[in-house]
């Protein structure tokens, strides 16, 4: 079931088109990656979802209903540009921000204490933000984003400013939140984390959506039919057997095993490749190379820029 | 609405709990009272420095006239000592050297040498002694020549000093004792107060907006509340801080007034004070002074009482609130539009120019509250908070007051709406140099 949906959203700033007919839909309890180069329109879309800016045309739905102003208490938003009140004590500040999201003082205080314990920052409850390290400020900011148990979470570059250990902690928490039922929209340039976390992605370039689908499918779509093959036998035999229908990208013969990277042209299939090789050598491993999200990103954007 | 209240509470408590607020609020009245107290103290206080003035009197007439006065004593010296002292005053132990030339009767000129800048009191004292002696001497001669023995007495009876008491006739025909001086002071003070309050608290709103924008927390906040709620909460919260301050000052002022009245302004002490002022100033006409003095304090109190205090208080709160709302909305918009301090300074000036203009015109307005300058300034909304407040102590026509208030309210509403738009657009606008033209463009944006 779709928790969130944007239909044909358009937005123009002065003379620049920020979003052109963008539609996305996000399944409940999934992580949705919103990707795109800088200036593509991701932040604009996120701000429209948060009701910070209004779209020129198009509609936004939450839980099947048209979204209105009161729905923003069901959203938790961690913007790319972080910030807290520097002179305010973090505990007091976190409670204030949670109250603005509609929590009562008591609930806010109780929930926050749990989170502060979890992130190991309880001793800093009464410290001012300016006394905290950047990493600790990021933790506070993350907590204030999730403390009111929103149905929809929007993280814009959540890992920036975290060291690898804390980034891992955060990753774990994000997956936890999903397991507990939250739906997450996740915008980042860190493609590694997209592969790890996202169930579904949409790629935006120059205000238009150029790609949309489950992460695995998208990667499969961009695969170039390249295989890593481990074999025992003679390379010459294989080369001969494959003939001109296949392109050998590289091969390597070492003591332990011989490896080969080969690509087939369109019209062939995995099995055909396999059956062509089999008579020439003993296959030890046969693995299709799925492009990384990074490759997909670059390829998709470059292709879209050509058109 | 709930969110507006939350923000309001947050903004209010943040400021009221600040040490600087507590210190300023408590200290300010004492500071002002202290400064005035010191001024009065020093003007009454006896001059304690011991001074000896060397006098060379070429006429040999003034010996009896220069007795000791206060802490100043006079020492007569012969001509040869005068010559040496004149070139060598330093180290002689004399504070100054007075030379009375032989032709003083015809020229009215004497000379006082000193190394230091002489206090005004001293030169005045010496001038008075010389003038009085010569005057008396000349008069004596005139009396002798005229042959009328009691001429002196008769002349002194002709001396007259008229005291003009100003009475204001109200519409109901009642006459009240008023003082243009008291009204002027009240008028000037009211104008200044409004100016400071509007400026101080308006700037506070602007800084608070800028802080949120600079620290980037703004995006989180406006993903929770509407920008208009944020602005309303901020502006109202800060206004309440201002009103809290005024209330504390009123209470402190009330207590202060009671204390001052009961301790210092008993009739005897007033008389004493009057006398000491008189003595220290060495008034020429003691008879007239003596008659006026004891009643003066009471009269001033009465005149303050005759000002329309409820009206003044009401107008003060009204013009403070309306003026503050107008300017804080505009300054809040400026704070949202800019993202660094230099830009904000450039933008603040055009926005606050009418306010600054009105404070520059405050003196002429308070001096002539019925003139065309005062009239127009108090009707035009951007200058009216200061200008009208300066006119209110003079009891101006009701229709003028109502017109001014109505126009101010209308303008404030329009400006708040415009400011809200600029505010909403500006909050998330970074790295763009903003000028007035750009802001006007923003006003035309839809959505």
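A Cβ is built for glycine as well, from the same backbone N, Cα and C atoms used for every other residue.
TrEMBL annotations: computationally assigned, not manually curated.
Positions annotated as domain 'ABC-2 type transporter transmembrane' by TrEMBL: B:19-420.
Per TrEMBL, transmembrane segment is recorded for B:21-44 (among others).
Taken from TrEMBL, the feature transmembrane segment applies to B:181-205 (among others).
What TrEMBL lists as transmembrane segment is B:246-265 (among others). Residues 25-26, 28-29, 33, 197, 297, 301, 317, 320 of the same chain lie 6+ residues outside the transmembrane segment (B:246-265) yet bring a C-beta within less than 8 angstroms of a C-beta in it.
Residues 178, 182-183, 186, 190, 193-194, 197-199, 201-202, 235, 239, 242-243, 246, 351-352, 355, 381-382, 384-386, 388-389, 392-393, 395, 401, 405, 408-409, 411-412, 415-416 of the same chain lie 6 or more positions beyond the ends of the transmembrane segment (B:307-327) yet place their CB under 8 Å from a CB of it. What TrEMBL lists as transmembrane segment is B:307-327 (among others).
Summarising the annotation, TrEMBL assigns transmembrane segment to B:347-366 (among others).
Under the heading transmembrane segment, TrEMBL lists B:373-390 (among others). Long-range neighbours of the transmembrane segment (B:373-390) within the same chain, counting only residues 6 or more positions beyond its ends whose Cβ lies under 8 Å from a Cβ of the stretch, are 187-188, 190-191, 193-195, 198, 315-316, 319-320, 322-323, 326, 354-355, 357-359, 361-362, 364-366, 396, 400-401, 403-404, 407-408, 410-412.
Summarising the annotation, TrEMBL assigns transmembrane segment to B:402-423 (among others).
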